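Everything below concerns the one structure shown next.
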Amino acid sequence: MTGGGFVANGPAGDFSGKITVPVVITCVVAASSGLIFGYDIGISGGVTTMAPFLMKFFPEVFRKASEVKTNMYCKFDSQVLTAFTSSLYIAGLASSLVASRLTAAVGRKNTIVLGGCTFLAGAAINGGAANIAMLLLGRILLGFGVGFTNQATPLYLSEVAPPKWRGAFSTGFQFFIGVGVVAANCINFGMAKHSWGWRFSLGLAVVPAAIMTTGALFISDTPSSLVERGRVEQARKSLTKVRGINSNVDAELADLLKFNEMAKDAKREPFLTIFERQYRPHLVMSIAIPFFQQLTGINIIAFYAPVIFQSIGFGSNSALIAAIVLGLVNLGSILVSTGMVDRHGRRFLFIIGGIQMFICQVAVTVVLAVSTGISGTKHISKGHGILLLVLMCIYAAGFGWSWGPLSWLVPSEIFPMKIRPTGQSINVAVNFATTFVLSQTFLSMLCHFKFGTFLFYAGWIALMTVFVVFFLPETKGIPLDSMYQVWERHWYWGRFVRGSVYVLLLVRSTSLLRILSKTGEEEVIKGSRFNCQECGRTIIN
């Protein structure tokens, strides 16, 4: 068989499940870990516009911003200042590479708790920072915390939610990211006029960290994670709790045990397994989706929204208000996605959102070119400023119901059990790596490319929309352990996975393992022979 070993996958029963109070509470508590990521995204951009903060830590940037009278795009161009923002993402990248083993070894829940505690420590250090070293140390701890939670939470939501409503439950993570962004922007606005406001804004990050960490202590781990770690009875209790006391969970638990047994039989390093031919579509998606998500430009705009609005002519307070409006629009659009993702599917939202964002980015480019001039020296009029805010809000809405929540949902649901933590780890690592590069270079791009910066993102949005049209299959309503079917039927990816998937008909009974190949050819795997179901023969090792 191509690539060696066989796929830990097979047809699952139709465990559609139902929405119960325990599953709602569990998913809401888990999704609340998005608060810390969102709060940091929102707080960073606002704090970097506060004069007391700049005077204390970045005096050269403050002097440059105060004195510049020419190119408005270059007010905040500073590699040291962007290092403050982007240092978190280098730490997040490092922690995400460790987090796959961590989630497999200690479980999804415990990884979320660890991430919350680490983030809390970083927030406390940032709030009390006396110099750049303390500021960067705090940011690095925040990065470790976000790396752990971003790894574990999407997996947790996908594994606990009923397949029929997995999309809606999984968008909860992005919703709480949005809540965190809005809350941070509101706090920044309230604290902007106080000399100690930046300290309060950074230190208050301990609140969302404490909320999500405390909540995570009272939820159970996912059934998949418990089975993976050999805690079958706990897995049964967890399944019974989230599916409802009156539900019969024996069949679903049996499937989890079956796929876990197959994964153990493969006995290969997951980071090597994911590079096998039959996992080519999974690997490509785990890299392409987070890469494209960041190249929509949304996190850059979220980080630097106050800086952007201030750079193009808004006053300090007006820039913070505009950032709040942008965050509220994004938050509302995530709720729209929650209601639509399990009805209209992932592809539909990806495509519609992509078209919407592309049009808005091109329009922003045109408005900025007309209103500020080629050199960026013209003062932007009030009318053009309002138009820019409207266009950015429409853009944020397009992201909020497409690439925002779906970039966390789709990678978390496409992987078979044995490489699920590894796939999510790659997804998060690529997300952080891309975010780091973009956040480190954005202010410099804005200074040199001016309005062309937004055209740069428009080009990427066009490319990613075409990618979705041709290469992303629909995954709505498919049980996690039946997901291989969507790849088998795909016009392109089918050539990689077709003939590589085996169906386990009987789990080990004494020393026997009965398997039927889905191909028409007899093959030898670890000394055992298998042939196709259509042949009418079953060969037992």
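Backbone N, Cα and C atoms are what each Cβ position is placed from, and that goes for glycine too.
Automatic, uncurated: that is what TrEMBL annotation is.
Worth saying up front: this structure is predicted, and the values here are computed from it rather than measured.
Copied over from TrEMBL, here are the features:
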DOMAIN    26-476  domain 'Major facilitator superfamily (MFS) profile'
TRANSMEM  80-100  transmembrane segment
TRANSMEM  112-145  transmembrane segment
TRANSMEM  165-188  transmembrane segment
TRANSMEM  200-219  transmembrane segment
TRANSMEM  283-307  transmembrane segment
TRANSMEM  319-336  transmembrane segment
TRANSMEM  348-374  transmembrane segment
TRANSMEM  386-406  transmembrane segment
TRANSMEM  426-447  transmembrane segment
TRANSMEM  454-472  transmembrane segment
Other parts of the chain folded back onto the transmembrane segment (165-188), taken as Cβ under 8 Å at six or more residues beyond its ends: 17, 19, 23, 27-28, 30-43, 46-47, 50, 153-154, 157-158, 197, 200-201, 204, 208, 302, 305-306, 320, 323-324, 327-328, 330-331, 334-335, 337-339, 341-342, 346, 400, 404-406, 408-409, 412-413, 476-477
Criterion met for the transmembrane segment (426-447) and the transmembrane segment (80-100) (at least three Cβ pairs under 8 Å): yes
Tertiary contacts of the transmembrane segment (112-145), as residues 6+ beyond its ends and Cβ separation under 8 Å: 30, 33, 36, 40, 57, 83-84, 87-95, 102, 106, 152-153, 156, 199-200, 202-206, 209-210, 212-213, 216-217, 432
Maximum Cβ pairs under 8 Å to the transmembrane segment (454-472) - stretch from the list 80-100, 319-336, 348-374, 386-406: 348-374
Positions whose Cβ lies under 8 angstroms from the transmembrane segment (319-336), at least six residues beyond its ends: 42, 45-46, 49, 171, 174-175, 178-179, 181-182, 185-186, 188-189, 192, 301-302, 305-310, 389, 392-393, 396-401, 404-405
Cβ contacts under 8 Å made by the transmembrane segment (386-406) with residues that lie 6+ beyond its boundaries: 170-171, 173-175, 177-178, 292-293, 296, 298, 301, 309, 312, 322, 325-327, 329-334, 336-338, 340-341, 346, 349-350, 352-357, 360-361, 363-364, 367-368, 380, 464
